[in-house]
Amino acid sequence: MRVILLGAPGAGKGTQAKFITEKFGIPQISTGDMLRAAVKAGTELGLIAKSVMDSGGLVSDDLIINLVKERISQEDCKNGFLFDGFPRTIPQAEALVKAGVELDAVVEIAVEDEEIVQRIAGRRVHEASGRVYHTVYNPPKVEGKDDVTGDDLVQRKDDTEETVRHRLSVYHSQTKPLVDFYQKLSAAQGKPKYSHIPGVGSVEAITAKVLQALS
C-alpha cells in the first residue's frame, strides 16, 4: 500500500498515519526524517543535502525526489510506504510521476479552518512536565493552572491564533492545488485512488473511514 496523506496542520494526520502504518506494516516517510537520515548515513545525496542546508539554502526538488527514490527502494518499503507532508508542491508531485513512483491512494483529511484554529489555539502546556490541556476539550481544574503542580500554563508560540492562521494560509496556497492534481490524475489514470475524509468526529470513526478508503 503506497499512500500519500494530505491535511492541514491540526487535521489529525499524525494520529491516522500511525493507524495506517500499523495496519499495513509500512513505514511513515517524511522528508525531514529522510533528509536527517541521509545526512547521518553520509550517503552521496545526504552529503549534497548537508552542504545546501549548512549554507542556509533550500534543498531542491530534484534532490528530494532522488532521496525519495533511494528511500523507497529500501527493504522496509517492499509492502509500501506512507508519505507524510510530501509532496508539498505541484512540481514535486509532477516529478514523482515522472520518476515512475507509483501510488495506490491519496487520502485528504479535511477539517474546516475555524475548527483547526479552535483545536490548536486552545492548547495550553505545562512546560516542565509536557502536560497538555485544552481550554475547551480538556480544561485544567483551575483555569490557567496545571492540575498537579498549580504552575501557570502557557500557550506555545506555534499555537497562537495568528500563527495557526498563517500556517493554514500557506497550506491552502501550497497544498490545496495538490488535491486538484491528484483528483485529475485519478480521473485520467484510475490511480491513485483519491479519498476526501472529513476529519471531525471520534478518532475511531475517522480511522474506520480512512481504512475503508484504503481497502
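Cβ atoms here come from the backbone N, Cα and C positions, even for glycine.
Since we're looking at a predicted model, the values are computed, not measured.
Summarising the annotation, Swiss-Prot assigns ATP binding site to G10, A11, G12, K13, G14, T15, R123, V132, Y133, G201. Sequence annotations record features per position, and here Swiss-Prot assigns AMP binding site to T31, R36, G57, L58, V59, G85, F86, P87, R88, Q92, R156, R167. According to Swiss-Prot, the feature region 'NMP' maps to 30-59. The annotation region 'LID' is assigned in Swiss-Prot to 122-159.
Relative to R156 (AMP binding site), the binding-site residues with Cα atoms inside 10 Å are R123, the candidates having been G10, G12, G14, R123, Y133.
If one looks beyond the region 'NMP' (30-59) by at least 6 residues along the same chain, the residues whose Cβ comes under 8 Å of a Cβ in the stretch are 66-68, 70-71, 83-86, 88. Taking Cβ-Cβ distances under 8 Å and a sequence gap of 6 or more within the same chain, the neighbours of Y133 (ATP binding site) are R123, R124, V125, H126, P139, P140, L153. Long-range contacts of the region 'LID' (122-159) within the same chain, counting only residues at least 6 positions beyond its ends with a Cβ under 8 Å from a Cβ of the stretch, are absent. Listed binding-site residues: G10, G12, G14, G57; maximum Cβ neighbour count within 10 Å falls on G10.
For the region 'LID' (122-159), the mean pLDDT of the prediction comes to 96. Mapped onto three states, the DSSP output places R88 (AMP binding site) in coil.
The binding-site residues considered are R88, R123; of these, R88 has the fewest other C-beta atoms within 10 angstroms of its C-beta. Residue density at T31 (AMP binding site): 19 other Cβ atoms are found within 10 A of its Cβ, drawing on all protein chains shown. The secondary structure of G14 (ATP binding site), as reduced to three states from DSSP, is helical. Comparing the binding-site residues F86, R156 on other C-beta atoms within 10 angstroms of each C-beta gives the minimum for R156. Counting residue by residue with DSSP, the region 'NMP' (30-59) contains 22 helix, 1 strand, 7 coil. Within the same chain, the residues at least 6 positions away from V59 (AMP binding site) whose Cβ sits under 8 Å from its Cβ are L35, A49, V52, M53, listed in sequence order.
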